[in-house]
Amino acid sequence: MSSSVAGPDCCGGLGNVDFRQADLCVMTRLLGYVDPSDPCFVAAILTIAFNPLFWNVVARWEQKTRKLSRAFRSPYLACYSLGAVILLLNVLRSHCFTQAMLSQPKMESLDNPTAYRMGLALLGVGSTFVLSSFFALGFTGTFLGDYFGILKEARVTTFPFNVLDNPMYWGSTANYLGWAVMHASPTGLLLTAVVALVYMVAILYEEPFTTQIYQQQASPSHKRS
């Protein structure tokens, strides 16, 4: 049904709904809160994109050359050092993420106690996955020890790895999503989507290598050697 009384809206009215246009209206509304030229937003995007790129490039370089292990005279010390750098970069990324949210307007519909509690719950779930992943893998397992030749006897399959793959990444994404919801921030929601996309790309590069290296470790020829 159409109504001649209703005024025009961005989607053409309820009597002539085009869902593709409706999606564009929602996206336009969200993007209306975001200033992509804001230096804090740009810094957040750069740190989100840079961190996984950095640790994957350095880890692959180490796996091929062993130069870090030789420079530190120990693969463990080299792995610990890279892990410390990654942690510092992640602190910087979280700082830039927060500053980008604070520098841009809130969304009124999210600025309420119920949404805040939902964000807090997401933060709790994300932290559970991140911390349990760390305890299951240990420091070297978390921070790319397999690229340094530091391997576990087998791939970890206990919680949270029996619940979902790559729980560290998805737990981190849930943390950012919860933080964005708690701040009622459309900018935070957009940046969380970028975090998830970057992690998906990182998984495409990391997962085949991890699978390959543990398949090689489990092969009979590797055991005999």
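Using the three backbone atoms N, Cα and C, a Cβ is placed for every residue, glycine included.
A quick note: this is a predicted structure, and the numbers were derived from the prediction, not measured.
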On the same side of the membrane, Y33 and Y205, at least as TrEMBL annotates them? no
Fewest neighbouring Cβ atoms within 10 Å among the binding-site residues E206, E207 goes to E207
I'd like to know which of the binding-site residues G124, G126 has the most other Cβ atoms within 10 Å of its Cβ. G126
By Cβ distance under 8 Å, which residues at least 6 away from the ends of the topological domain 'Lumenal' (60-71) in the same chain are close to it? 78, 81-82, 147-149, 209
